[in-house]
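**Student:** According to TrEMBL, the record shows the following:
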DOMAIN    A:11-63  domain 'PAS'
DOMAIN    A:86-138  domain 'PAC'
DOMAIN    A:156-377  domain 'Histidine kinase'
DOMAIN    A:402-520  domain 'Response regulatory'
MOD_RES   A:451  4-aspartylphosphate
């Protein structure tokens, strides 16, 4: 049996022992910083003897310079104002070894007048934790970089593929106009279909990789919603007629015509859903409807619905169809084609609008996709509503326009020349920016078509040169960029160097025709 | 129209007419004046505020690119003076805000009658024939330090609610946060502060000024206080017994006495 006296001593000793050998550091210092008490654990971390520290060192003496500044500017005021300061990360400087990162919890002890008497600090050694923290940060940084590298790679690759695709699509169109034999016509149609599918796939992948990298943003501008819906519908009429299915549209009359939103992305969603509906429907009808849900200050809520009477989707596949490269059944692709990216992209685009897609389906009876969009109402602007395609391509409209084509790729030159000749445009060709500059010194052109990536001198550089020529007319000369890069990627650069407008490669003949007419004919 | 009083969390009190404008330094907010202001409330109009990014200022007002010089903070302060129609201002600035006050007084000399500069430094980094107390790497050390405390800041500098049974009169104020800072803004402010060089501005000030220099101040050593006094044409220098960089908090009585004596 232990006597009572022994027992007490034992407690006292153990309290002392607990203080000295605790797994954390203890230090007490006066308001002026002078250390008056310190435990063994902390002395061991610091490599000092008690004699060297007590009354001789201040707490701030153990801090590196950054910590000193923080101590004076943040820690001391906080302690004084609040009476405590927790979880402050300091690096303590030991006599010899590397700095010891610690978390400091400090309490300020005050007398009855509220005057600070002592600061008591508990220090946790966070050397290991700090290591993990740094590894985590490093891993996070690496993961973010990897995602970016992947997105960049896909983006670059897609651009590289798009350029030769320009040639394939263009040449196929030309060949189709050369009076092919029936067999050749069939092959050419397959070639046209395949190359267009491939181009769609590349565009889809590019879109998706952008959205994954978080680079996709909404670019709102004012447009006519009715025109957009009708023109998309119109583009599907041929297919619908081929399959002998009815194409219907209903737009609530109270929905305002002009909307301020991202027209391209809304168009993409509608095109994807409508394309699917027609693809998977063999008889009956596809109906697009826009119902007004209500007004909200300067915005309007619209319910979009695309309803078909097609093959439908089994219930257990309803979530699967939104996954990348997934289709309802394994043989869907063989039967119907497609990449399996359309709905993934649609879903992600709607995410950008803070909206969700809903799907209802019954196998054999049809499918309905729907979603709600809250869209800002736009004021009607002077109609920039485009191209009446039939009249725009009218022969002779471009006759006499003097054009300079700046392009290094021979196939691209051939394709573009074909159209220019058809349209009666007078043109010359320069193979790079430098040649272009010497050409415009000899001839007065109405318009320049400028490829951007070229050897010797690229399109940006050449445009900057031309804009800086002394004669004022060169400031006005329309220069249209031709590029396989997505416009949004190079928008900034285009503006900076003074390019007038932009046409994507592979170009749609109507678009190029329209742009040449728009800029070249103003005399 | 920007609501300037909201932007800078401006608080006006006191029974007097002559305004005293108190500007907090790097690392804190207007609460650092709470031990000082009661001594002046009877005779003066007390104007307190938080620099944008600190305390309860409007963080949305921190427009990137705007706050890239100390002058921007001086201009904010002048806007407060204009909004409240303050003239004959007695300016009290701590640490970097001492220099911000100097910049304001150069731009609008007629608005200020006296400048009280606590722990001022026109340049923190040593230069040829000038001892500021730091070298350039030290400042990088501070930025690293702020980075390493990034996670801690959200909890340490975030609002703290606590009761204070020993000093119930402080209870109310303690329910607010102290020295709340946005880490990114604080880093920007740290760079501006410690990389600034306002030595050439000092001779342009003609407002009567008081320089309060603490003992053992790591941030602004005594030689810096002497330099400021030499360069400021119409200034008085007092060496205080108070140690550290925040005498307004650690030694309020001595600080108050020095200011009252000067006024």
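Backbone N, Cα and C atoms are what each Cβ position is placed from, and that goes for glycine too.
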**Student:** Would you list the DSSP helix, strand and coil counts for the residues of the domain 'PAS' (A:11-63)?
**Tutor:** 26 helix, 12 strand, 15 coil
**Student:** Please work out the number of neighbouring Cβ atoms within 10 Å of the Cβ of residue A:451 (4-aspartylphosphate), leaving out its own Cβ.
**Tutor:** 27
**Student:** If I count Cβ-Cβ pairs under 8 A between the domain 'Response regulatory' (A:402-520) and each of A:11-63, A:86-138, A:156-377, which range comes out on top?
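**Tutor:** Answer, by Cβ pair count: A:156-377.
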**Student:** So what's the mean pLDDT when you look at the domain 'PAC' (A:86-138)?
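**Tutor:** A mean pLDDT of 88 is what the model gives the domain 'PAC' (A:86-138).
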**Student:** Could you put numbers on the helix, strand and coil content of the domain 'PAC' (A:86-138), residue by residue per DSSP?
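**Tutor:** Taking the domain 'PAC' (A:86-138) as a whole: 12 helix, 28 strand, 13 coil.
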